[in-house]
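Annotation comment: TrEMBL describes 21-44, 81-100, 107-125, 131-151, 171-190 as transmembrane segment. According to TrEMBL, the feature domain 'Oxidoreductase molybdopterin-binding' maps to 243-396. Summarising the annotation, TrEMBL assigns compositional bias 'Polar residues' to 486-495. Annotated region 'Disordered' per TrEMBL: 486-516, in sequence order.
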Amino acid sequence: MQLDTRASATPAPVNRLSRGRAIGVAVISLLAALGVGHLVAAFVGPSSSPYVAVGNWVRDISPQPVVEWAKNTFGTADKTVLFIGVTIVVIALTVAAGLLSRTRPGPGLVVAGVQGIIGFVAVLSRPDLGQLGILAPAASMGVGLVVFNWLHAKAWPAEQDREGRRAFLRASAGVVIGAGAGGVIGQLAGNHVDVEESRAEVGRLVPASPAPKLPPNADFASSGSARFITANRDFYRIDTALTLPRVAAQDWRLRIHGLVDKPVEFTFDDIRERALIERPVTLSCVSNEVGGGLISNADWIGVPLRDLLMEAGVKPGADQLFSTSIDGFTAGTPIDALLDANRGAMLAIGMNGEPLPQEHGFPARMVVPGLYGYVSATKWVVDMELTTFADKQGYWIPRGWSVKGPIKTESRIDNPQDGTTLKAGTNTIAGTAWAQTVGVRRVEVRVDDDWHDAQLSTEVDVNTWRMWRVRVDLKPGSHRLQVRATDNSGYTQTDAEAEPAPDGATGWHTVDVSVD
Ligand SMILES: Nc1nc2c(c(=O)[nH]1)N[C@H]1C(S)=C(S)[C@@H](COP(=O)(O)O)O[C@H]1N2
Ligand SMILES: [Mo]
């Protein structure tokens, strides 16, 4: 059949794509790139998924003041905020790629290529990804560029007629469905580890040497102090993990190597079949402000880290244990603290009678009394290298935190809270004090200008916090309450106020109350 070309009005030749279509080409290509990247990542290492890797990378390269600001402003929601921020930037770049490509694909391909390179850099900067990790950003970038070019070509006929528009829509829908399917399959395949199932399979951990039975006066919770044992769900949580590592107990291995006589490797069963000990240890974060809540206490179940290190045989030149989490977080711990039998550093697999909760490091983590978490408490720990402080730096050290992180003797008023109105007469002030490894000897509470000695709770262990309370007579008016602890080394907390960075906050916790 002859087509009568004269009958259909020849459309004016277009020399640029409509804005919407140009942006559509770019956004759909981005979806294809992310979907394929996520799919490939599921098989070579979930954190190599370009989007996740870029989020992690931005977190790691953010200037310290920005990180601190985000932590203070958003708290634990800082991770969500980071992902939203990354999403906005990626979408803005993609829209720009589309708008720059209304006449030819070249400029958009360049912008897409730059995004791809960022994905590459992000994945390559992860210490936890093997060589295969680069397959995900490679696939992502390749697919992104090819789809962009191909859809861009399909977009021209769509400017001309209905047939072209239909073909373009079909192509776009095909890509979107494919990308979605790739992403979903990647998500399912990458998340095949069911942590709760693995925790249930581990079941009850029975310590050969259980924690001491708590004396009746282990805390003054009835007077408003913190409870001696922090419930797992209330235990403070701090980590850099944007997505919680999912490790099944049967897949977990711990390698101890470096400056040792013979490298050793342990499975989860190797650890749990040893004589387990259970000990209360108070963990604390160097970022904790005076009076803050980044401190908690649990009964940890595990094995002495010292025993594992002795089996490997630590060579004389080693002064640092460099531990690595499955997600790439690292910490450098002084070996002295780990080999000191009295200190009781542990490889912990249980917390308050249960296998470790996922957010506290399941299947295994380090717990070292007396050291802030950033230098000692690696969660999801899989690797321990005996090395020197001169050779390697843990995650937070190049970010401005001190190399050694001994916990400072501190105290906190838990009751009353700042700004409370109290009744005139006798009131009970209660709180918490800690001086891990030496123990708290004395706590004094200052009401305006008078110091009062507080009653101490029965000491459970020098590695845990100790509660205190004191009854004071308050007259109507405004009053300032302050607290200071003295530890068994004879040190009394300084009143000099210091920020958490670089090695922990100092100062007396101060609470202002009014009395009717
Ligand atoms: N894998 C990993 N372990 C980690 C961290 C981390 O970011 N990643 N943060 C450390 C810090 S700074 C602290 S204070 C403790 C907190 O342990 P928690 O979350 O169980 O209270 O974990 C430590 N272990
Ligand atoms: Mo921390």
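Any Cβ shown, glycine's included, is placed from N, Cα and C.
TrEMBL annotations: computationally assigned, not manually curated.
Since the structure is predicted, the reported quantities are computational estimates derived from the model, not experimental observations.
Across the domain 'Oxidoreductase molybdopterin-binding' (243-396), the prediction's mean pLDDT works out to 97. Just going by CB pairs under 8 A, the stretch in 21-44, 81-100, 107-125, 131-151 that sits most against the transmembrane segment (171-190) is 21-44.
Note: the compositional bias 'Polar residues' (486-495) comprises 0 helix, 3 strand, 7 coil (DSSP; helix = H, G, I, strand = E, B). Residues of the same chain lying 6 or more positions beyond the ends of the transmembrane segment (131-151) and with a Cβ under 8 Å from any Cβ of it are 25-26, 28-30, 32-34, 36-41, 44-45, 47-50, 53, 97, 105, 108-109, 112-113, 115-117, 119-120, 122-124, 168, 171-172, 175. Beyond the ends of the transmembrane segment (107-125), by six or more residues, the same chain brings 22, 25-26, 29-30, 33, 37, 48, 50, 53-54, 56-58, 60, 90, 93-94, 96-98, 100-101, 133-134, 136-138, 140-141, 144-145, 148-149, 152 to within a C-beta distance below 8 angstroms of the stretch. Outside the transmembrane segment (81-100) by six or more residues, the chain places 19, 22-27, 30, 51, 54-55, 58-59, 70, 74, 107-108, 111-112, 114-115, 148, 242 with a CB less than 8 A from a CB of the stretch.
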